[in-house]
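A quick write-up on the structure given underneath.
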């Protein structure tokens, strides 16, 4: 049987780059970055591939026998399912645990004996909820499917003998909200990696959305376009990976797969020097803009006029000014669309020298650059700007007028293309003869290259990206995750899939807005016969562009409801994917051995929890909206509906976890307290149920190709989140229902601390916020409970019965389990002392002993000194 590695795509890109970067199975160690970047291991032949078997042999055999004579498109991806030797025990364990849970519920209700009946009632309700939420999480995982793009087949089909391409157009969206919280250098590296991707330059365009309206981002984009004339041909000539210069130049010993090794050293040195100068220019932009503006403002004739911010061409910037005034401040400014790089002329433009004047030999290298556009949508206090969804919809409309590509892929500004073949990999799913026409979007896993080696706060989230998402791939497809996702433009427009689509669809102004050019572009998109084309430059077109990105264009249209990205919910990604799936579209999950995209994640605990609050709060908002999975999505498959329901209610679980986690305070009660009697049988039931869930987890680990550390980090951070971020989100939702105020959107800061010598300085900085109070209470309660338990043991060991000793042992076991789960939080409290984790290992037993001694001393004091 062929392994996934032996059948993945191969071939060369348009500049002769080898197939070393072709997509295979995703590697467990491929979230890499900087000097610590590791080679992607695993792949199809590793531990991850051996549990998967080809699922499309019959289809491939039929396609091969047909030889393409039926005129249909070829098979462009391969499907794999978990082998029966692993899948059948996995399913059996799920059913067995379900039966065990039901028996446990029945037993608890029949034996409603407890020392604290209100707590017994709450614990039973919690157990029922745990079982229900576990079932919602587990049912969609019955049929995991891995889909691998076949780049060789795509090249044979789309790369024609005359040098032209059959590839469709792609518009790439990059969104940034603030140049301070999201550093400009990150954003420009994202743009450079997009411009250098292996895709025909005349069929791709890049749009940067700047939600701050700041001149610095526009001028940084202009500088980036200049540097791209050197960087992009350099990447093509030498097959550079990754194509983000910051990430590439951090590599200690990058492997070389190009065809000109004798020129590489000199070329790399020159480009590196140019990149350093490019960074200096970016860093100097704020001061450059300020000095220029001061010069122009000093020459104004009306001294009472406000101090404007001036562009390099001597005109006033229409966006946010350094000294903000009405109509020129963040949150209130005109819409801006500026074409930084126009559409390249068709045909190969070969050059011996790059435009910067450096003597680099780019002979036989295509030096053209894709279209590059700056977009800053208009904002007005009288209109809701709808956060990221509003910015994406403005890009969607502007791109419709400029390039109107059939497919769209969006990135957060802190991500970059790690594998230049990524666009082609996604296109494999869109053009495949089986599901291509019904595929609305292709989601890639999120990978991060700035996470600490031990992944203290579970940023990699492998359980979700390598487990849950593959499971959804076997249903109607993965959910949209906000970045690294390719969309079919028609699906974003709210058009039904071909099977349900009506003939002769007429775009209406009431739905898409009052723009004739936009309505015409929708008709062209329906014909699916247009890719990126040169943009018109007449005044009418410019006015139309400014109108479609204005603050009021969405008003009284279907934008944000049935068209584009959905508004009024903090997690616009999940609800947008839900709306598209609900129309009958499917989605696909694309993994590549050398990860398609990499980004940065918040490694500071507080920043990470703020991110979780927004995600979980948005999920609850979705449940209490008309997009509730119980009532919405008329064409959702049943298990896909179950999956979305789980995504919207999971934060509620935290309330019962918090109840259990704080229950050890009962150790402080002098008398014995039993939650459930008979206690021994209760504990046995719990142990069996917990053991079974970890056996299921062990099988998931095997077919998902992750490690026990990945699994354990997921468990730990879920516990931290369940005592902090998730209850906060539930509280926000209650406030929202009472006051109609939504979840506040807080941009996750990507800035590191001033300690530039420590890559993980943010990891060791503790920023106290109110949501951490419950977690601290739980930690202190369990530390105190363990100490008191030790003290009680010392006092009562001689008189305790065996049952009492067993009760104490089980209580201690629970306390220690909670402590292990909160271990990352304890490290966070230690700050920089956490660099030596042995300190915590030594400190905790000392604290336990101190608490025990205090308890013993108090007991002696109360028993022998203070009379009653």
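Glycine is treated like the rest: Cβ placed from N, Cα and C.
Listed in Swiss-Prot:
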REGION    36-68  region 'Disordered'
COMPBIAS  53-68  compositional bias 'Basic and acidic residues'
TRANSMEM  86-106  transmembrane segment
TRANSMEM  116-136  transmembrane segment
ACT_SITE  211  active site
BINDING   412, 414  substrate binding site
ACT_SITE  573  active site
TRANSMEM  649-669  transmembrane segment
TRANSMEM  686-706  transmembrane segment
TRANSMEM  717-737  transmembrane segment
TRANSMEM  771-791  transmembrane segment
TRANSMEM  810-830  transmembrane segment
TRANSMEM  838-858  transmembrane segment
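Positions of the features from Swiss-Prot, shown on the structure.
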residue: 211; record: active site; DSSP (3 states): coil
residue: 412; record: substrate binding site; DSSP (3 states): strand
residue: 573; record: active site; DSSP (3 states): helix
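On a Cα basis, residue 412 (substrate binding site) lies 12 Å away from residue 211 (active site).
All chains included, 21 other C-beta atoms sit within 10 angstroms of the C-beta of residue 414 (substrate binding site). Between the transmembrane segment (810-830) and the listed ranges 86-106, 116-136, 649-669, 686-706, the one holding the most Cβ pairs under 8 Å is 649-669.
Separation of the C-alpha atoms of residue 412 (substrate binding site) and residue 573 (active site): 12 Å, rounded to the nearest whole number. Sequence-distant contacts (6 or more apart, same chain, Cβ under 8 Å) of residue 573 (active site) comprise 479, 480, 481, 482. For residue 211 (active site), the number of other Cβ atoms no farther than 10 Å from its own Cβ, over all displayed protein chains, is 24. When each of 86-106, 717-737, 771-791 is scored by its Cβ pairs under 8 Å to the transmembrane segment (686-706), the top-ranked stretch turns out to be 86-106.
Long-range contacts of the transmembrane segment (717-737) within the same chain, counting only residues at least 6 positions beyond its ends with a Cβ under 8 Å from a Cβ of the stretch, are 457-458, 605, 609-610, 612-613, 616-617, 619-621, 624, 650-655, 657-658, 661, 743, 771-772, 774-775, 778, 818, 821-822, 824-825. Take the CB of residue 412 (substrate binding site) and look out to 10 A: across all protein chains shown you find 23 other CB atoms. Residues 606, 609, 613, 658, 661-662, 664-665, 667-668, 720, 723-725, 727-728, 808, 811-812, 815-816, 818-819, 822, 825-826, 829, 844, 847-856, 859 of the same chain lie 6 or more positions beyond the ends of the transmembrane segment (771-791) yet place their CB under 8 Å from a CB of it.
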